[in-house]
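What TrEMBL shows for this protein is this:
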- 12-33: transmembrane segment (TRANSMEM)
- 15-219: domain 'Cytochrome b561' (DOMAIN)
- 54-73: transmembrane segment (TRANSMEM)
- 85-105: transmembrane segment (TRANSMEM)
- 117-144: transmembrane segment (TRANSMEM)
- 156-178: transmembrane segment (TRANSMEM)
- 198-220: transmembrane segment (TRANSMEM)
Amino acid sequence: MAAGLGVKAAPFTYVAHALAMAAAVMMLVWCISFRGGLAFEADNKNLIFNVHPVLMLIGYIILGSEAIMIYKIFPKLNHDTTKLIHLILHAIAIVLGAVGIYCAFKFHNESGIANLYSLHSWLGIGTISLYGIQWIFGFVAFFYPGTAPHVRRGALPWHVLFGLFVYVLTLATAELGLLEKLTFLQSSGLDKYGAEAFLVNFTGLVVALFGAAVVVAAIAPAHVEEPEGYAPIPVN
């Protein structure tokens with residue numbers, strides 16, 4: 001574990017934020033400069049689709065990552081405050097993710113394209129459903145005032161473990177989405193070694209590195225002297 005190696009969470013939160021900014025900029029450059037822009041309503045239906053990857057990355061993955069790291073970003077902040085921020089950021093991420101998925105369906109429907117035929121789409125629906133279940137579980141177990149302390153203590157490791165599983169699944173879904181879209185574009189004539197193809201591939205690499213930094217930040221302690229595991233996260 002990261003704690004056993006004497007690794008603190010803070011450096012990984014810094015790296016994660018730098019990579020998040022890079023990934024967000026690269027995604028916006030791709031969708032706006034290369035793909036023509038963003039729109040909820042347009043004659044060019046590709047502009048509607050472009051909203052999908054932007055919201056799924058910036059609104060869903062990056063905001064969700066901030067929620068995961070919040071306890072390590074502000075380790076000295078009042079626990080009730082960080083818990084509330086954690087809950088709110090995840091809620092916003094789910095809403096923006098749902099809007100992003102809606103845009104993908106809207107693009108398909110208005111373009112005469114079938115829905116839910118790819119592994120990316122299956123994982124996408126499954127992941128956001130699991131994300132919602134995780135949020136409800138977290139609200140009931142850790143935010144609802146009537147939950148007994150021993151229930152919270154018992155639920156915490158499972159909440160963390162399942163949360164990281166859903167997060168990694170979300171990253172994998174995003175990578176599949178980038179691969180799928182780039183494959184479609186290349187089959188339609190996009191230069192396989194052109195600037196746009198390289199931009200999409202490098203965006204995928206940055207997202208993968210970003211996710212790795214977030215996971216390490218989540219499992220590493222805020223302070224090296226703290227015990228292994230999730231002791232930095234209070235349960236009361």
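Yeah, the Cβs are placed from backbone N, Cα and C, and that goes for glycine too.
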Which sequence positions outside the transmembrane segment (12-33), separated from its termini by at least 6 residues, show Cβ-Cβ distances below 8 Å to it?
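Counting only partners 6 or more residues beyond its ends, the transmembrane segment (12-33) has Cβ contacts under 8 Å with 50, 53-54, 57-58, 62, 65, 69, 72-73, 196, 199-200, 202-203, 206-207, 209-210, 213-214, 216-217, 220.
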Which one of these stretches, 54-73, 85-105, 117-144, 156-178, has the most C-beta pairs shorter than 8 Å to the transmembrane segment (198-220)?
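Going through each listed stretch, the top one turns out to be 156-178.
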List, by number or range, the same-chain residues at least 6 past the transmembrane segment (54-73) whose CB is under 8 A from its CB atoms?
9-10, 13, 16, 20, 23-24, 27-28, 31, 38, 82, 85-87, 89-90, 92-94, 96-97, 99-101, 103, 128, 131, 163-164, 167, 170-171, 174, 177, 207, 210-211, 214, 217-218, 220, 222, 232-233
Against which stretches of its own chain does the transmembrane segment (117-144) lie, if we need a Cβ under 8 Å and a gap of at least six residues from its ends?
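Beyond its ends, the transmembrane segment (117-144) has Cβ neighbours at 60, 64, 83-84, 86-87, 90-91, 93-94, 97-98, 101, 104, 151-152, 155-156, 159, 162-163, 166, 169-170, 172-173, 176-177, 180, 235.
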